[in-house]
């Protein structure tokens, strides 16, 4: 508990105006001295200060205000401040925000660059062919999602929500009937060897009558809940599929900057068997968001999404935009692509899963912020009715299936699995779905095998020789990592855990050429030669961007991503 007070005093989240926790110092000290964990009670505990979690918190407090009642609501965020771990494209569709805060356009918000043009390119190695754009971005905005959630956090606090950045929820709390009763943050001040350092502080229990998990894609607690309660099976039934998005924000030359310009591409540098594409979005202040998204069911274990992104930037049509510019920030994050077929039942005893932890991304739109926010709002409404009016959280699941989220994702359900048949068949099936069936086709395609099973043996492929970075347009990983402001306490237990420590050298390296050393966009995993001349896996956990790619793509599902000490990880400000 003293850690909580000390963190607040040190100004964690101070830039966003977050208040110090209102917990009793005397009682906290007594429990700390006795070795116990401080436990605080709220009506609702929200894990994750992203668009879904904050939309849920805001909606709850709005309902309380309208009903002249009150529910205590807290939001935990593992990043050092709100937005520090949030990364997205982002062309923002304001539909959910219009419902949540109808007069937002009259306020000073970071949502200020409307889409002005929308282009779609097919890239070959040296050419960019303009195709009809399949996107309808009229009325949408080019934004930094990390900036938007900071604004949302301030709106939540105005309504009385307590927002606590720098605290990582690491444990689900249950009662004797196996009903979730909240979460606990991890202990800090534990050394790599498991001993307690002088700075040791026990974690804090945040107990709630209702717990909403809004951890984002592949949330560690959410995945445990989904497995333990078989929520995938009681939902739409199919496994989730994923992609890895790698992004930079540049400051480009004034003459090349076109605020609101949106460009998407498909084709080069990815091969015809790999689903993915790139984006370039012009924000304000001469800023350009540029990124590459690669589906994680790719086959070639030698592929490096990071190096594919560096190669993409060297395309003549792309380089001409970047020349003379400067990189401001770098980051990476996985995203859900399973869509309608992969939606789990989001309700569990004592709470619900919202946002990208459940997986509401609309793949053909390349948008998930509006659906994440709406899911949080629906969960908040069900939570309010459950706690105040005696209803049931099943109302969230019922209303979700009646909402525009469900309609949107149903119409979009066949686009992603269409590309299981290859690039050209995927384009053809997508065109059929869009222009002929208009999302109402009489069939529903299934996803292929899970992403980790899609990785081929290395013997079926040749190593890929990527160009060396030039230091102007393309960069090595250490340079990019520095731009992510990633930082972790070095002397702490590893948060990247191997279920079987022999698998990397026994299976991954000889059979798959050590794919973790290729897919990780932060070079966390490296095979190094020991004094005996043997190759051993070395884990640079301090480099971790919290993207979750390893938790998804490892061929034998041997890597478990868990939360490190709160406040560690990337420090995004404009992503």
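Including glycine, each Cβ sits where the backbone N, Cα and C put it.
Pulled from Swiss-Prot:
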- 1-33: transit peptide (TRANSIT)
- 44-58: FAD binding site (BINDING)
- 82-103: intramembrane segment (INTRAMEM)
- 276, 277: ubiquinone binding site (BINDING)
- 343-363: intramembrane segment (INTRAMEM)
- 520, 544, 547, 550: [4Fe-4S] cluster binding site (BINDING)
- 535-564: domain '4Fe-4S ferredoxin-type' (DOMAIN)
Subject >> DSSP residue counts for the domain '4Fe-4S ferredoxin-type' (535-564), split into helix, strand and coil >> reply: 8 helix, 8 strand, 14 coil
**OP:** Determine the most Cβ-crowded residue among the binding-site residues 50, 276, 277, using a 10 Å radius around each Cβ and all protein chains in the structure.
**Re:** 50
**OP:** Have a look at the binding-site residues (52, 54, 550) and report the one with the fewest Cβ neighbours inside 10 Å.
**Re:** 550
Subject >> Fewest other Cβ within 10 angstroms of its own Cβ, chosen from the binding-site residues 520, 544 >> reply: 544
Original post:
Could you tell me the C-alpha distance between residue 58 (FAD binding site) and residue 547 ([4Fe-4S] cluster binding site) in angstrom, no decimals?
Top reply: 27
Original post:
In which DSSP state, out of helix, strand and coil, do we find residue 520 ([4Fe-4S] cluster binding site)?
Top reply: coil
Subject >> Separation of alpha carbons, residue 276 (ubiquinone binding site) and residue 44 (FAD binding site) (Å) >> reply: 38
**OP:** Find, among the binding-site residues listed as 44, 46, 58, 547, the one whose Cβ has the highest number of other Cβ atoms within 10 Å in the structure shown.
**Re:** 46
Original post:
If you measure residue 277 (ubiquinone binding site) to residue 547 ([4Fe-4S] cluster binding site) at Cα, how many Å is it?
Top reply: 18
Original post:
According to DSSP, which of helix, strand or coil covers residue 46 (FAD binding site)?
Top reply: strand
**OP:** Would you list, in sequence order, the residues of this chain other than 520, 544, 547, 550 that have their CB within 8 A of the centroid of the site's CB atoms, where the site is the one recorded for [4Fe-4S] cluster?
**Re:** 332, 496, 521, 522, 524, 525, 545, 546, 548, 549, 561
Original post:
Does anything in the same chain, at least 6 positions from residue 48 (FAD binding site), have a Cβ under 8 Å from its Cβ, and if so what?
Top reply: 75, 76, 77, 78, 213, 214, 215, 216, 219, 355, 357
**OP:** Given the binding-site residues 50, 52, 54, 56, 276, state which is nearest to residue 544 ([4Fe-4S] cluster binding site) when distance is taken between Cα atoms.
**Re:** 50
Subject >> For residue 58 (FAD binding site), the three-state class that DSSP assigns >> reply: helix
